[in-house]
Amino acid sequence: MAAERQDALREFVAVTGAEEDRARFFLESAGWDLQIALASFYEDGGDEDIVTISQATPSSVSRGTAPSDNRVTSFRDLIHDQDEDEEEEEGQRFYAGGSERSGQQIVGPPRKRSPNELVDDLFKGAKEHGAVAVERVTKSPGETSKPRPFAGGGYRLGAAPEEESAYVAGERRRHSGQDVHVVLKLWKTGFSLDNGELRSYQDPSNAQFLESIRRGEVPAELRRLAHGGQVNLDMEDHRDEDFVKPKGAFKAFTGEGQKLGSTAPQILNTSSPAQQAENEAKASSSISIDESQPTTNIQIRLADGGRLVQKFNHSHRISDIRLFIVDARPAMAATSFVLMTTFPNKELADENQTLKEANLLNAVIVQRLT
């Protein structure tokens, strides 16, 4: 085992030209797997300071002298140029040891493209497929972002003078989906859609999206948003700027509270309709009615805009009406209010009076907050 590790160490040093301590570090990190260690070494940029030895041109191949400005390009030259482009995308190739007739070739990781190159490629691909560069124009407040086509009726002109013009009614535009307008912003380290979050250029999950843009196609995730409608995509170049998270839209308070600004603030009901109906039923059942005694119906107009109608005996007191209101609207238990008649408008100050004594039989009572 030790001999195999020593052989791997010597071969690593021979291939990379690295120091023995550094070679041992990469081999130990790779579990003494020579291939993985070499790939890790070159991916880490360990070959930056190593001088590569150029291969000598075979002497057996004779070439005639040709002028330096030779304008004839052979098919072999085209293949050679294509191979060079593929090698730039694929990564550098390395030869790992072996004998005269055997050996192993290791392909390094692909060359990472800078964000500037990536953005240039996206704009270039979009222009090749019909995209048009436009200047950013500031819109007036009343200006729409997109002109609407004429959709009214009109007269169809005849082809000959003797033909009469016929009125043609306009057809309504049929929408199979909804039109979507999206702004793609290309930043220094990533891109964003409209006011969304930053998405990295290097994230594999974004590769298909960017490739669709480069081919001049609308990405699938944007087509799904339109549900069959038209997708208008604008691209903005911000490659020299760092991503700035947009400010969140203002969201108004949606809770409940009291209306201020008057001597008698309006109490906003916080109960749901079902809870309110349950409270009113409990309040009605809490009033004990003696059917053998005379009864009357009292209508109560509440300060929150509600209305209650309850049966009482003539012997019930005004204080019983107050308790009924509090049971029907528990939120008013801690609220100061008075009860008043409508015509004439008079406060019922003595709540110990019976309904008959206060002349409130079949009357309308109004609740007023104090």
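Glycine is no exception: its Cβ is also placed from the backbone N, Cα and C atoms.
Taken from Swiss-Prot, the feature region 'Disordered' covers 54-73, 80-116, 137-157, 272-292. Per Swiss-Prot, phosphoserine is recorded for Ser74, Ser102, Ser114, Ser140, Ser176, Ser192, Ser272, and the stated evidence type is similarity to another entry. Marked as motif 'Nuclear localization signal' by Swiss-Prot: 109-115, 172-175. Feature annotation from Swiss-Prot assigns phosphotyrosine to Tyr167. Feature annotation from Swiss-Prot assigns domain 'SEP' to 179-244. Residues or ranges marked as domain 'UBX' by Swiss-Prot: 291-368.
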Which of these modified residues has the least crowded Cβ, counting other Cβ atoms within 10 Å: Ser192, Ser272?
Ser272
Counts by DSSP class (helix H/G/I, strand E/B, coil) across the domain 'UBX' (291-368)
14 helix, 27 strand, 37 coil
Local confidence of the domain 'SEP' (179-244) - pLDDT mean
87
Starting from the Cβ of Ser114 (phosphoserine), draw a 10 Å sphere and report how many other Cβ atoms land inside it.
10
Just the number: how many Å between the Cα atoms of Ser272 (phosphoserine) and Ser192 (phosphoserine)?
42
Under a three-state reading of DSSP, tell me whether Ser114 (phosphoserine) is helix, strand or coil.
coil
What's the CA-CA gap between Ser114 (phosphoserine) and Ser192 (phosphoserine) in angstrom, rounded?
18
